[in-house]
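TrEMBL lists 14-455 with the feature domain 'Major facilitator superfamily (MFS) profile'. The transmembrane segment annotation in TrEMBL covers 12-36, 48-68, 109-127, 139-157, 169-190, 202-220, 226-247, 301-323, 335-352, 358-384, 405-423, 435-452 (among others).
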Amino acid sequence: MGEAEHSPRRKAVILAACCLGVLIAAMDGTIVNVAIPSIRDDLGASAASMQWVIAAYALTMAAVLLLSGAAGDRYGRKRVFLTGLTTFALGSLMCSLAGSVGVLVGSRAIQAVGASMLNTIAMAIVVQVFPGRVERARAIGIWGSVIGLGLALGPVLGGTLTDLVSWRAVFWINIPICLAAIVLTIVFVPESTSRRPTAFDPAGQLLGAATIFGVVFVLIEAPGRGATSGAVVGVATMALGAAIAFLTVEARHRTPFIDLRLFRRPLFCSAIGIAVCSFALYGGFLFVMSHYLQDERGLSAIRAGLCFLPMAAAAALGSPVAGHLIGRWGTRTPLLVSGFAFTGAAASLMLLEPDTPMWSLALSFAVFGIGFGMVNAPVTALAVTALPADRSGTAAALATTSRQVGLAIGVALCGPLAGDALTHTAEFATATHPLWAVFVLLGLTIVVLALLPSRAGLERGGAELPVATTR
């Protein structure tokens, strides 16, 4: 059945199935944050180990996203999407049964493998089911809104489940959602492939993953092990070598996963840069503020989770507005709003104290939520326009890879910039001030990058988006 033959009702159900998949994938990137203190106490883990619980998910997803997108283009998006749902459910079950930090980190990696298939393939399905520019822009807006909503609601739901049930419940909740998405996908989602599927590039894949892992390892482990320790120096050297080899291999590969020529395009560079900066802000913000609310302020997990409600509400309101703005005026306006909001929120947290009034925190959280709600849909729209039209899976993978790289870097930055706070060797609030100063710079970077794309560029890219073949 071709895309034009889908009824509006079936299109809505297909979009719902895709949104369920990206909801759980996005939510699990943040739902664990508020549960981190409980997990740390229950499993007797260190601060660095807790960073790995978050970073392992983001790193693994970033490492296999491009492979998942290419697999969907080649072997069938419905098939890969169902595989992702099943893998994610299995990883969630394993996380809930983990008896040690090592098992939990490994199970989080399995979760991320499934999540990588959900994120990339969901976008590819949306692109081929909604062929018109306007309806596609609206569908992408909804898709991006669901990602933003899942990421924003994660801390609230995580705190509630941790206090009322157990930290293990933050993983149990994924299983029924996966089952519902599996049923909808089997019944309603059509199979589709790309007319020109991306060739696999295992060497580039491994070298890229090694580079990202090395950077995050150094950021997380250097504060505890020492910057001159053998492990840190060795991994840093490995990462540098992998990065050089990656650039060499990708430049020579006939069909690389990442065409380095794309970085000559301001539109593409803006999308990637904004995705990395915004999710670095988000990852670091959630990790540090979850510790601040529970360790410094003595709040329970559920009360700490509820403190994130202003952020979740602002993100929920901002996401559909961003989608609407994209359809009418392009991406610049929502991205500028996002950059200024991130900057303002980070600047306000530079004044953070042990007894900062809760109303002031709520205001900072709400402004941060506006920034986050405004960024997801326009970043996706920009990234999809940057690749050849019939590689929608790879385009979505690049956008989501950038998000996950940013998330991992944001969590990793908490060590060198706020390590004394996390290890309780200094007054918590004051020790986080260097982190917020760096985050102000990241917010301003988003503003600068948002000025590069033009509405005309988005319209040209949107007009060129293809329709995939179905079977």
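Every residue gets a Cβ built from N, Cα and C, even glycine.
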Need a quick answer: max count of Cβ pairs under 8 Å to the transmembrane segment (335-352), which of 109-127, 139-157, 301-323, 358-384, 405-423 is it?
358-384
Are there three or more C-beta pairs under 8 angstroms joining the transmembrane segment (48-68) and the transmembrane segment (405-423), sequence spacing 6 or more?
yes
What average pLDDT is reported by the model for the domain 'Major facilitator superfamily (MFS) profile' (14-455)?
86
Among 109-127, 139-157, 169-190, 226-247, stretch most in contact with the transmembrane segment (301-323) (C-beta, under 8 angstroms):
139-157
Can you tell me which of 139-157, 202-220, 226-247 gets the most C-beta pairs within less than 8 Å of the transmembrane segment (48-68)?
202-220
Long-range neighbours of the transmembrane segment (169-190), counting only residues six or more past its ends (CB under 8 A):
1, 6, 10, 13-14, 16-18, 20-21, 23-24, 28, 31-32, 35, 78, 81-82, 85-86, 88-89, 92-93, 95-96, 125, 129, 157-158, 161-162, 470
Surrounding residues of the transmembrane segment (139-157) on its own chain - C-beta under 8 Å, 6+ positions past either end:
15, 18-19, 22-34, 122-123, 126, 129-130, 170, 173, 282, 286, 290, 304-306, 308-309, 311-312, 315-316, 318-320, 322-324, 326-327, 369, 372-373, 375-381, 384
Could you tell me what the rest of the chain brings near the transmembrane segment (226-247), counting residues at least six beyond its ends with Cβ under 8 Å?
204, 207-208, 210-211, 213-215, 217-218, 260
